[in-house]
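Q: Below: one structure in structure tokens.
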Amino acid sequence: MASDQPFAAALVVICAILCCSPQARAVNYTFARDATRAPAVSYYDYIIVGGGTAGCPLAATLSQRFRVLLLERGGSPYGDQRVENMTHFTATLADTSPGSPAQRFVSEDGVINSRPRVLGGGSCINAGFYTRASDEYVMDVGWDLEAAKAAYRWVEDVVAFHPELGPWQAALQRGLMEVGVAPGNGFTFDHIDGTKVGGSIFDDEGRRHTAADLLRYARPEGIDLLLRARVAKILFNVGGHRARPVAHGVVFHDSRGQMHKAYLNTGRRNEIILSAGAMGSPQLLMLSGVGPADHLRSFNITLVLNQSAVGQGMADNPMNAIFVPSPSPVEVSLIQVVGITHFGSYIEGASGSNWANPRHQGSGGNRRPPRNFGMFSPQTGQLATVPPKQRTPEAIARAADAMSQLDDSVFRGGFILEKVLGPASTGHLELRNLNPDDNPAVTFNYFSHPEDLRRCVEGLTLIERVIQSKSFENFTYPYFSMEALLNMTAEFPVNLLPRHDNDSRSLEQFCKDTVMTIWHYHGGCQVGRVVDAEYRVLGIDALRVIDGSTFNASPGTNPQATVMMLGRYMGVKIRDERVHAEGLRRRKP
């Protein structure tokens, strides 16, 4: 039976269950209140929809000179252990209650995913890795390189930290360099080819820092933040002497269902800015009458602008992982090391020991406390041990009971994953109904482009070499072949896709069958298709989109740093250009 225990370890997630950390002290933002306390009608210079990874830094920056309304559909992260405490990372993703900070959705491809529903957005529910985009990416997008670096530093002063590597992560770092992912770049926020240690938004006490923390930069008199404010649609002035529609307000509802309206103050530079993310921003444009005409008419939505590119270009960087049981104890770690390869695949890893809460005797002598099995827990979804369609309460209870009987030694190991650059494969987003709280239908078309599949195969091949490297020998069983590891991993019900008998023999099939998300989806309001280079919606005045929905490719190995940077960068740009223009106008005779 002992030889079966490493296999049993494959039933447990190797991700994200960390030691308990001190609770972050609640932040008392005097400008924040529940939307139930909002007036029926209000007026602002800027209305920002979405208090997420881009919306928070954007609102903080604009509030320094103007009156800003920030509308967030979720609640506060402060005092919420699901957000602040690393121990609850995977439990939060598993939480499907209406008040959860994470809202689960399943793409039409059959891949389980999540979107944020909390102030701070995705930075409140992710694994915390922090890294900048490359200089080439920044310049290709058209951002000013020095201004972008200044915006990154503004973010990093509050939310980014230097993680300390444990033995497993250090072995992964050495293994990557041993197999040629060179040079070794040590710790850096920068995106550089080779192997590096990236930043983290978890501090050395295990406390999460989020985009919501960037609101400390806000001028309290310049901002109102409304929580649990669900925006239903954007209001437009159309017709008459106007050549094109003009956004002038929004309709939103509070948690009691009461309707409120917020309008822009008089002034041609005042704007509404969508920062609702890659799911929310294209969805809200469509609900407001901006999108493909035939699709909107099928829902009896009054057409404001026929814009066929809204919802197009949706992409999610595919992730594939290989579980590696370890004969030696390993530390619990999130993603800290990344190998940035020359062929367009990023290699990362996460590890953990004692995936359950430590066993100890209860008052009855033999009673064991409940155990938390991380992302391989029966109910979580991503890498769960119970297939999604079979997750009845009874099935979950049976699986948890069976897993609780395993010895702690089987909960050792880690997984090494690869994420595809780009990606080249894209899909689309469509409405399901008229409810802005419901998830739209999204298709990512994973691996529909052969380049993505090639990169996945090369990434898995490189992972095999890392596992077989001398640097990693203390954390692998010598009798586990790569085929055995692939077979083991392929057994996990990670998605709703069928499996094939040749998963361990065909890396291409393994990539397709075991594809998961790493939560880096983007697109739907892309630059050059829906918005211009200044993020103004094409064909409409006084409306911009500033968030990850505008990206044509995911920046770097993790997008959150760049999304936060973008909020600050565009906030400074909009603020300074407006101040300059208004100053010139005042000086004219």
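Each residue, glycine too, has its Cβ placed from N, Cα and C.
In TrEMBL, annotation is done automatically, which means it is predicted and not curated.
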Q: Can you tell which of Cys456, Cys525 TrEMBL lists as bonded to Cys511 through a disulfide?
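A: Matching partner in the record: Cys456.
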Q: Fewest other CB within 10 angstroms, which one of the disulfide-bonded residues Cys456, Cys511?
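A: It is Cys511 that, of the disulfide-bonded residues Cys456, Cys511, has the fewest other Cβ atoms within 10 Å.
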Q: Mind tallying the domain 'Glucose-methanol-choline oxidoreductase N-terminal' (277-291) by DSSP state, helix then strand then coil?
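A: DSSP classes over the domain 'Glucose-methanol-choline oxidoreductase N-terminal' (277-291) add up to 11 helix, 2 strand, 2 coil.
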